[in-house]
C-alpha cells in the first residue's frame, strides 16, 4: 500500500480522515504480520464485519460520512466485494440488533456501487429501531453516543475478534468547524513575540509566527486554530514562490481561514503569519499576573496557561494534542526582565539599550498545550542532579523576596527526577527543569515541558509559617508535575478522552514518589482517605462519567479535569499495579514509554504494553473499570459457615435499575485472612457472586474484604461482621492496618448516606475507634462526623447532641496532645494534633475554645511573636474559633493580618477562616464585598466559598449572593478551568434541603450551562441524596443520641 493509493482514495471520495491514514501509514501497520493475518486473509463477506468495526471507531473520531469512510477502508484493504455477495450476505442476516447494523453497512456499500433498490430494504430496520437502540446504549451500557454503544456491542458479542488499530482523533470544533485535512501536522513553529509590560490594560502586541508545514494536496484554503487574535497577514512560501492570503476570516469555532488566489502546490512550505493578541487577566492564554513589590507598587509578570485549548490565544496553530511539532521561541522583552521558556536561552541580542531579544533552543516534538513562556522580575535558586548520566539543572523561580520559600521544592526535585529516571527507564529528555510560582494561577500547577508553572501556594513552603499539610501538598504537587514530564509530555494522550492517562497515572506515580522520599508519612494510607474516596464518591453518582469519556466540544474538556480522571484513574491504576505486582506493572510502563516516546498514545496502547509484559490480557480486566460508568458494591452475607459476596452497581441514590446493573467487573477481592478455597492469588471475582469458608476458630474471628484497600469498590457487611471488625479495632488487632481501619469507616459512612446502612450503625462503629491514635484514621473520622453535623443541622437538638458526641470523643486526646509542637516531633503526630484541635474547637470543646481565644489575642498583639503564639498547623482553626465566638473586632483583626502578610498561603488561610466564622448579615456582606475587591485574587474566591459552605449560619446567604451576582461571576470566570462549576457546587454541597434543589433547578433553567453542565448535575444529585438521607435517618439519629446520653 503506497501513499499514492491513500491520496487517490481521499481525492476520489472526498472524505477527511487524513490524520487517520497518516497514522496507519506511520505505524507501518500494513507491513506487519498481525495485520496481514487478520485482515488480508478474510473472506469477502466477513470483510463487511471488519469494515463496520472500523467505521464504528471512525465515527468516534470525527469522521462524519460513513459511506465515504467505508469505501475508503475497502479501497485501502484492496478488498472490494462483488455486489451480489454483499446482497446475499446482508439479506441472510436475522433480525438481531447487531445484525441490523451489519445490514446497514452493506446498504452503505451498495449505495456506493449503485444498487439503490436494496438500500431502503436494508436501511429500514435500522431507521425503525434506531431510537430503541440508542436508549439501550445509553442505559444498559451506561453510554451516551451510538458509536460507543456499537463499539461496546462489538466487544461484547465478539463480532470483531481483532484488536483494531486506534485512530487519530480529529477535533470536531464547536459549530461544526473543521481543521484543514490537506495540511499535515506542522514540523516546526517559530514564534517571535514582542512583549512590553503595560501595567493597567489588556495589551495588544504585534507578533509573528513561522511554521514549516507539508502540503499534501493543492489547496486554496488553509485553516488552523486562533482565538482572540487579530491576524493581519498570512503568506505561504513554496520553492521561493510567495503566496499571500487574499482573505483572512475568523470563524466562531476558534478557527482562522486563509484563502489564496492560486492553489498552494503540494510539497514542503513555510506558513508565515502576522497577528496581534492581548495579555488578558483571566489566567488563560498568554496573560498578565499582578503583584506588589516591596514598596507597595503594582507590578506585572507575564506567563502562559495553554491547557487545554488556549495556545491558540497566543499564536495561530493546530491546537490539538496529536498535532505535535518542535517550537523555536523568540521573546523580545525589556532588558531588565527575565524571559523563560521550555528550553534554555541560546542567544540574547540587544535591540536597543532598553530591549533585548532572547532566542531559545528548539524544543523536542511536543503538543501545543505544553508550550510555555514567562517574563518578569524573577529571582531563582538552583541545584543539579547528581545520579544521572546527563546532569539536569533544576531551578525554582519566584518574585523578589520569596525565593527561599522554594527551597523545599528545589531539594526534592532532583531526587524525584532521579527516581523517575530509574523506574521509567528513560532519562528526563531536557537539560533543565524550572519551576515558577505565579501569583495568579487558575489551576494548582501545569506540567509545561521544562517550565512548570504553579499557583504560589502549591510550590512555596515556609517551615516557620506554613502548616504541615502544606509541606505534604507541595511534595505531592511537585512529584505529580514531574511525572507528567514523561507521562503526558514525552508520551501524550491522542485526544482528550484519554486525559486520564495523563492525570490518573501522574496522581498514582506522584504518590509513589512521595512515599519513596518520605516513608514516614504513610502516604498510601492517606491516599485511601483522599484520592480513593474522592473517586469513589463521584462515581457513585448517575451524573458521573466513565474514565474514558468522549469529548467533542471545547467546553467539555475542562469539565473532565475532575475526580474521575485524577482520583478514580489513580485508584484503578493502583489496583492494576497491585494485581500485576508493581514490578511487572512498571516494566510494562517502561515498554509503553519506549514504544511511544515523542508520539501520542491511547488507553489501549497502555493495556497492550502491560499485556505483553505480564502475559496477561490486561484489557479484559480493565475495560469495565475505564469504559463503564460507576463502581461495584459487594453485598456480603453469611450462612452455614459460608461467606457469600455478590456484586452490583453502587449508586448513592440506592435505586439502581436492572438495566444499570448489567456490568460484571473483575474485582480483586483481597479477602483477609486469605481463604483456602480461593486459589487465585488475586482472588479475582469475575462472576456475579462467589462464596468462601468463614473463619471458624472462635466467635470473634473477623474477615475483611479489600485488604490495603487497593480494590475500587464498596463493601456492605452484615451487622455481625461489622461487630467483629469493630472489636478487632478496639483491641488493636494488627491484622487491621491504618488503610483498613480508615477504609472500613469510609465504606460504612458512604453506605449510611445511600441507605444501604444507617447513620446509627455508623456511629456504633465509630465508638470502636476510641483508642485510635493515627492521624489518617482520625482525619477521615472527623470529616465524616463533620458531615453529619452539617447535614443534620436543620434539627437543633440533633445538631447540639452530635457536637456533644464529638466533644466527648476527642476530649482525652486533645488533653493528651495539647497545643505545643515539639521541634523534632514526627510528621504524623503534628498532623494529628492539628486535626484533633480543629475537631475540638469546631464542636465547642470548652477548654479548646478558651485556649484558642487566648492564643488569638496574643497573636494579634502588636509586636507579638506570632510563630510562638500560634503554630501554623493550628492557625486556621484558631482564627475560625475566634471569629465564630467573636464579632467585628476579630473580623477586622483577621482582615488586617491578611493585608499585612506577604505569603499567599497565609492569605488563603485567612479567607477560609473568614468564610467559616463569619456571622450576621452585615459581616457576611462585608466579606463578599472584600472578596470581590482588588485585595483578593480572583482565583482565591474559592477559599471564601469553601469556608462559607461549612458555615451553618452563612451558607444560605452565600447561595443567595451567588444568584444575585451570577452575571458578574460568569463574566469573571468563563473560560477558566472550573471556577463557574465551583461557584455552583460548593455553596450547596453541605445542604440537605429539597427546596434548595428546586431553587437551583429554577435558577439555571434559562441559563447557558455548557461550561459547567457536569458540576450542575452533580450539585442537583447531591442535594437529592443528602435530603433523602436526612429525611430517612433524622428520627433514628435523634433517638440513638438520646439513648447514648448525648
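Backbone N, Cα and C atoms are what each Cβ position is placed from, and that goes for glycine too.
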From 149-170, 171-192, 193-214, which range did TrEMBL mark with region 'Disordered'? 193-214
Give the residue from the binding-site residues 480, 484 that has the most other Cβ atoms within 10 Å of its Cβ, counting over every protein chain displayed. 480
Using Cα coordinates, what distance in whole Å links residue 503 (Zn(2+) binding site) and residue 566 (site 'Transition state stabilizer')? 5
Neighbour count (Cβ, 10 Å) for residue 566 (site 'Transition state stabilizer'): 23
Limited to the domain 'ERAP1-like C-terminal' (702-1024), I'd like the whole-number average of pLDDT. 94
Can you list, in sequence order, the residues of the same chain other than 480, 484, 503 whose CB lies within 8 Å of the CB centroid of the Zn(2+) site? 447, 481, 483, 487, 488, 502, 505, 506, 507, 510, 566
Whole-number Å distance separating the Cα atoms of residue 481 (active site, proton acceptor) and residue 566 (site 'Transition state stabilizer') is 13
Within 10 Å of the Cβ of residue 503 (Zn(2+) binding site), how many other Cβ atoms are there? 25
